[in-house]
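Novice: For reference, the structure I am asking about is given below.
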Amino acid sequence: MDLSEIAKKLGLWETKHIIRKAAELRRLCDVQFDSSVIGVGEVCKAIICLEIAATSFQVIFDRQAAIRLSGMSEKAYNRSFNSLQNTLGVKTKLDIRELGIQFGCIRLIPFVKKGLSLYKDRFIASLPASRRANADFTRPVFTAVAFYMCAKKHKLKVDKLKLIEVSGTSESEFNSVFASMKDLCFDVFGISKEKKDPREVKGNRELLDVLPEKRKIEDGNFSSDDGTEVSSQKKHKRMDAYEQWKSSVLSSNKKNKAKGHCKQTVQTSLDFLKEATEKTEMEALS
């Protein structure tokens, strides 16, 4: 199918400069590689070249009509478009406002601009002086990542895969820029998911010092509110230890009375009492 006929079906019949540019891109594509290897037919190649040409001249292009005309699915068309675009070395300028309109997140536009500007400044500042002049932020992946991170920050759903396709980048490059942007601009784009350890959060000590009965004692001791309950628990444990000791002494005396081992029984009883007391104190402190 001729480029002029395809352009007419896409509403571009009066734009001869776009048709000439598309024809030039198609010839360049034929010279550099065989598009059929990646599953792109002649019709689809012509349509993609027309879209690239229209975009370069900032002319509105109906992508949905192009997808229907190509006979491909939207996902396959986007994948083919990115492949041809990268092969031809054509850079697409991604506009933040267009992204906001396309994904229904217009209110993110000022946040994306601010975050992207801050990232550029911090990234350049982190480079050696000899490399700062060569820093290139014209690739659309930076705009796409900033847009995605702002949407995530404001809890808005954005299709990551679709955004990658629109920006004409790869998922690995997207993730790489994502990690870099998150490290340098966590205060703008980052989302904290970690809960702070309560022991690391310092309370207002002055307010606690106003009421001594509410103040906690260091080293794991209890406050005075729990004193009554803790004291009753200790007393109960000591009574249990005493009753256990008493029964043990009486039983031991009966067994050893005839054998004349009273002295040994008393010593054993004292040792048992000491052990029971120490155990009770340890339990009370734990």
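Glycine is no exception: its Cβ is also placed from the backbone N, Cα and C atoms.
Pulled the feature table from TrEMBL, pasting it below:
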- 3-91: domain 'ORC6 first cyclin-like' (DOMAIN)
- 94-184: domain 'ORC6 second cyclin-like' (DOMAIN)
- 218-242: region 'Disordered' (REGION)
- 221-231: compositional bias 'Polar residues' (COMPBIAS)
Novice: Over the span of the domain 'ORC6 second cyclin-like' (94-184), count residues by DSSP class, listing helix, strand and coil in order.
Specialist: 67 helix, 0 strand, 24 coil
Novice: Sort the residues of the domain 'ORC6 first cyclin-like' (3-91) into helix, strand and coil with DSSP and give the three counts.
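Specialist: Summed by class, the stretch gives 66 helix, 0 strand, 23 coil.
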Novice: In this predicted model, what is the average pLDDT of the domain 'ORC6 first cyclin-like' (3-91)?
Specialist: 84
